[in-house]
Amino acid sequence: MAPMDPHSYADGESPLTSRVALILYLDFATCSLHGSALLTLSAPHSGPLSLDTRSLTIHSAIDPTSLSPIPFSVSQPDPVLGSRLSLSLPAETPLSSILISFSTSSSSALHFLSSPFPYAYTQCHSIHARSLFPCHDTPAARLRFTALLNIPSSLSAVMAARHHARRHPIPSEGGLSCPDSLWCAPGRIVEHFIMDQPIPPYLFAFAVGHIVSRDIGPRTRVYAGPDVVDEAAREFAGTEEMIRAGEKLYGPYGWERFDLLVLPMSFPYAGMENPRMVFLTPTVIKGDPAGAHVVAHELAHSWTGNLITNKTNEDFWLNEGFTTYAERRIVEVVQGEERAALSMGRGWRELNRTVERFRDNMEFTKLKPCMQGIDPDDVYSQIPYEKGFQFLWRIERQVGRPVFDEFTKKYISTFKFQSIDTETFIDFLKANVPGIENQIDLRLWVEGIGIPPDAMEPVSAVYNKIKTLASEFKYGQMSGDDEVVQWNGQEWQLYLENLSSNIDPSQALALDARYRLSESRDWEVKVAFLELAISAGCKEYFAEAERLLKQVGRMRYLRLLYTALAKCSNEGKMLAHRIYAEARNCYHPIAQGVVESILSKHA
Ligand SMILES: [Zn+2]
């Protein structure tokens, strides 16, 4: 049986799941999930069928029509893939659906929080949907679904799907997963969701908690905790303008709603492009136009990533490179060229820094790396984003913007609701831009390591000015106040990133004494400064880093600060271990894995 995806047990020969009906019971007391999944295959099938699972206990598998049991076995867990669920479908009567009941109390996708309020949320990218329900957890599979979530009636549920009803539990609908004594217990409520459009499994998402909402546009509502919802509504007021800019560039917005959910501080990413409802960290709310970049990015995924999806994680740049490109085009329309150029400048710094990070393993500086046996969370980096962006920008420079825009529109309308690989993109590019392979070394871009010689550092007056000021500072010259008075977070971030880590501790202290960067309300600026100062050897900032690491679980910040602490000194290393031991439960399981791998690398 041929594997179709290095990160899935799906064998490529049996049909994939095209529909799933989920019944999920969330138990906050034990942080566990009991569920059943009625899977419908794209065609009737008999014989062996493999599904992906991780940390799931499988209780039963049956033919939902005859109720006959289906023999199954669960393999020993692979550290990257999880466990294979092998089913033997009857040879005599091919089945098109299977009902599986399961439970888990250690799902790598699901984070339960108990304080200050009970809250639970999922993050499935890239291969964690399998820890919520058994599935073909490959982006090559696209499925429609319905979901019944049984939750405490004091809470409400939201989902990246259409909300159908909130109602009382009905006896026996908990089915195999949940007896009526639990399903219909007092104080329980059922939230019913429907997703009519087929999505790859990594876009499956829900959240449960004290969640309220505000309408901010004709198709956008902000959902958040009562304490942040008004601030969030103000921050994201420009969303409809961005959707219109996206539609002008890439065609009609195809998901009906574009709602935004602001999660608790532990949410591990800046944002996650779950369709119909983007998930966001509260750290993007800062009363500053730079916060809109994250929304622009997740919005751009509505076309590139959610409509056209990478076939495997090896093709991840098709999602993120295109989205980073589209994000900057949207930002250019709504905020102007200088803002877009600053974002490109930051991307250029990140790209160079990431290539440096992988200098001992250059495979992961390729646009299309080999991911066999590799956990995508371990090698998550800015390469697919920024090298992907550079590749597309290179093509744009070659053919001119009008031609490239026409090409992109055609690309989206040709492949929407499909999962494609890099080779398909390259073939489509060659077919639609004849001769492009003679003008750009496409193989070097896709298969080569590092940064190709025809990549380009962006040019803009503001970006160049910031770089000059940063290099002057390194030689002892502090920027004049009039030069920085207009700066917001993005400028500061770029300035700090351009200082690099080899400044003196005294320089870091002087910078902070002048501009109070360690006290910035902008998380990006604060983290960039703390990383710089700790890397420079300033122990003065250990306490601030500890406070921050106990408050927020966004992985980018954890990566930067835990690495800086672990690398700076023995004292820093010990502190990193102690902070993690105390903060661990506040981090999403994916973030826990990332911090553990940083700490073991610098043991
Ligand atoms: Zn993205």
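Glycine is no exception: its Cβ is also placed from the backbone N, Cα and C atoms.
A TrEMBL annotation is a machine prediction, not a hand-curated record.
Quick look at what TrEMBL annotates:
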- H297, H301, E320: Zn(2+) binding site (BINDING)
- E298: active site, proton acceptor (ACT_SITE)
- Y385: active site, proton donor (ACT_SITE)
- 461-599: domain 'Peptidase M1 leukotriene A4 hydrolase/aminopeptidase C-terminal' (DOMAIN)
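Annotation for H301 (Zn(2+) binding site): same-chain Cβ neighbours under 8 Å, separated by at least 6 residues, are E273, N319, T323. The average pLDDT computed for the domain 'Peptidase M1 leukotriene A4 hydrolase/aminopeptidase C-terminal' (461-599) is 93. Under the DSSP three-state reduction, H297 (Zn(2+) binding site) is assigned to helix.
The two recorded residues, E298 (active site, proton acceptor) and E320 (Zn(2+) binding site), have Cα atoms 10 Å apart. Listed in sequence order, G305, P384, Y385, G388 are the same-chain residues at least 6 apart in sequence whose CB falls under 8 Å from the CB of E320 (Zn(2+) binding site). Applying DSSP to the domain 'Peptidase M1 leukotriene A4 hydrolase/aminopeptidase C-terminal' (461-599) sorts its residues as follows: 109 helix, 0 strand, 30 coil. Neighbouring residues of the recorded Zn(2+) site, listed in sequence order and excluding H297, H301, E320, comprise E273, E298, A300, T304, G305, N319, F322, T323, T324, A326, E327, Y385 (Cβ within 8 Å of the Cβ centroid). Sequence-distant contacts of H297 (Zn(2+) binding site), defined as residues of its own chain at least six apart whose C-beta falls under 8 angstroms from its C-beta, comprise A270, G271, E273, T323, T324, E327. For E298 (active site, proton acceptor), the number of other Cβ atoms no farther than 10 Å from its own Cβ, over all displayed protein chains, is 25.
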